[in-house]
Amino acid sequence: MKIAVLPGDGIGPEIVNEAVKVLNALDEKFELEQAPVGGAGYEASGHPLPDATLKLAKEADAILFGAVGDWKYDSLERALRPEQAILGLRKHLELFANFRPAICYPQLVDASPLKPELVAGLDILIVRELNGDIYFGQPRGVRTAPDGLFAGEREGFDTMRYSEPEVRRIAHVAFQAARKRAKKLLSVDKANVLETSQFWRDIMIDVSKEYADVELSHMYVDNAAMQLAKAPKQFDVIVTGNMFGDILSDEASMLTGSIGMLPSASLDKNNKGLYEPSHGSAPDIAGKGIANPLATILSAAMMLRYSLNRAEQADRIERAVKTVLEQGYRTGDIATPGGQQVGTTAMGDAVVAAL
């Protein structure tokens, strides 16, 4: 099995190195091939997603991704910024379904900004559509307004758009995920204001007829954001569009105590996927050896489960992470009283030892 390893920028190389260390500790043989991406890709080829990197990603059975982005690239035109690499990979590999689990581990309940009773036992899965919505809708740009109250003035504009096939395929993915869990699915939209959201809701209701065993409910995105902070354990599986999912999944991540604990998977129709931590490249702490590698290690576990059909090995990694937390090992972002604070490498070593 071939895995494309794309460390990226900032803390990306440090945390990916620990995930690779864990993979190498398993009694499996993987072909791991590394390539530059993001700012590193731009430095190597003049583009954040070099042709050779894209070729490797297409040929691989799965992609293990670190993080991209650095302030020094902010002056580049949008098409050349590091963040375009992840958007390009999603587009070229047709990765349309993003899974973002938000789990509050018992050992970290005191690290959450919410009261322990609100987050103890929290286990949410957010299923986000990745290829449509306002992030990719056309037309978009900056122009002189042709009409309206500010005709003749400069304006920025984007297009929120979804096709029926896009909504149907993410609906099926979400219903199938809910079927394997508590058989509850919440669809989040803004159907009281947006035509696109009403269209989304209508299709969700139609698809639900094929999943009589799954309870479908709906919530407006503003209320969902409030409820995530007020009573998050009411949720199990949430399905939503690209922009709403981007925002809600980041909010949900903070309920757990640290975004440094949360993995993610982006899948195509055949379950080939790109696996990455939910956090960014954190250039402010790059090279200091203090980044939390657990989200990346858990992303590797998701990769084993969803794309490589190695569920037992995924379970082993997840159990090892729980063991390490029970033993009191903590990076700075999840530090708790009485815990043993360690750096990136030591945390990876602890997971390997727990295996």
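We number each residue from 1, going along the chain as drawn.
Cβ atoms here come from the backbone N, Cα and C positions, even for glycine.
Swiss-Prot names Arg90, Arg128, Asp222 as substrate ligands; from the candidate set Arg81, Arg100, the record adds Arg100 to that same site. The shortest Cα-Cα distance between Asn292 (NAD(+) binding site) and any of the recorded positions Arg100, Lys190, Asp246 is the one to Arg100. A simple way to gauge crowding: the CB of Arg100 (substrate binding site) has 23 other CB atoms within 10 angstroms, across all the protein chains here.
Our reading of the substrate binding annotation (Arg90, Arg100, Arg128, Asp222) yields a largest Cα to Cα distance of 27 angstrom. In the three-state DSSP assignment, the secondary structure recorded for Arg128 (substrate binding site) is strand. When Cα-Cα distances from Arg128 (substrate binding site) are compared across the recorded positions Lys190, Asp246, Asp250, Ala286, Ile290, the shortest belongs to Asp246. Under DSSP, Ala286 (NAD(+) binding site) is assigned to coil, being neither helix nor strand in the three-state scheme. When the CA atoms are compared, the recorded positions lying within 10 A of Asp222 (substrate binding site) are Lys190, out of the candidates Lys190, Asp250, Asp284, Ala286, Ile290.
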